[in-house]
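Data first, discussion second: the structure below is written as structure tokens.
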Amino acid sequence: MTAILERRESTSLWGRFCNWITSTENRLYIGWFGVLMIPTLLTATSVFIIAFIAAPPVDIDGIREPVSGSLLYGNNIISGAIIPTSAAIGLHFYPIWEAASVDEWLYNGGPYELIVLHFLLGVACYMGREWELSFRLGMRPWIAVAYSAPVAAATAVFLIYPIGQGSFSDGMPLGISGTFNFMIVFQAEHNILMHPFHMLGVAGVFGGSLFSAMHGSLVTSSLIRETTENESANEGYKFGQEEETYNIVAAHGYFGRLIFQYASFNNSRSLHFFLAAWPVVGIWFTALGISTMAFNLNGFNFNQSVVDSQGRVINTWADIINRANLGMEVMHERNAHNFPLDLAAVEVPAING
């Protein structure tokens, strides 16, 4: 005789709330991470939209020279940005109630800190929610692991780098041109193009794009025909079908002959693991590189490393990059730095006379 024991359903309001939060039958899964994710991302998104449209100029360098970033103050979609919190605030926690007035809070770039901190909490909770839903559905946890790469990258540029540099004013502005400015200044100050971790990140992103295109084109080119010439090949697939939709043997044979045999995967599972792991590991390394350069452990310096027998410098591309770095450094924050650090550190030659 088989006895079926049913769990007694809680009748309390809290019990029903818990069941609803953790139910996988909802159209959108909420989960306990979602309880924190939803308000933080809504807050970050709302403040970003309002500030991008209407925030007044921000004194980013702390020298009473405000920089305009919003649409209503003369910017467009490309030039507009949420200006980072002022250097006068540094790394201080700067909520609205810490300012003497809302005007002061806006002038010192308070919205940037508010948006960034809520955003980072939100995306971290989104990652946790991915794990939570996978766990409840009996799936493996690799979706959340893959998402940890962009979370690590965002944390590096919005939090770790400002901490290492001593001010949120060094964080990445929230806009298109602001992002480019951040990249240029980062190169000038840290020589990121000569950092091996950044090189691994470039290989991860470009390699991931290449492998994705190769995989998609191979699969699309080796579909098992289920339709006539007058129908789209896509109509030959039915959602949930058990049989394969493409011929992996044909794809393997094609690619093995195109390059060489062992360049082609004969295991679909290891292939898809590779497609996921390659860009994820690359972006992990980039985030780690940003986090180390935050504390001024910079890219390689090969300046003036090649000389002739007379001691004269033979320029290499490293010297060309160094010259570009100096030019970018003297141009950024031009009113905040009377003497850029790299130039001010050069010893003045003695004059005999």
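Glycine is no exception: its Cβ is also placed from the backbone N, Cα and C atoms.
Looking at the stretches 87-108, 197-218, the one that Swiss-Prot records under the feature transmembrane segment is 197-218. When Cβ atoms from all protein chains are considered, those within 10 Å of SER264 (quinone binding site) total 18, not counting its own. Of the recorded residues, PHE265 (quinone binding site) and HIS198 (chlorophyll a PD1 binding site) place their C-alpha atoms 28 Å from one another.
Of all the recorded positions in the record (HIS118, TYR126, HIS190, HIS198), the one with the smallest CA separation from SER264 (quinone binding site) is HIS198.
Taking every pair among HIS215, SER264, PHE265, the residues recorded as binding quinone, the greatest CA to CA distance is 11 Å.
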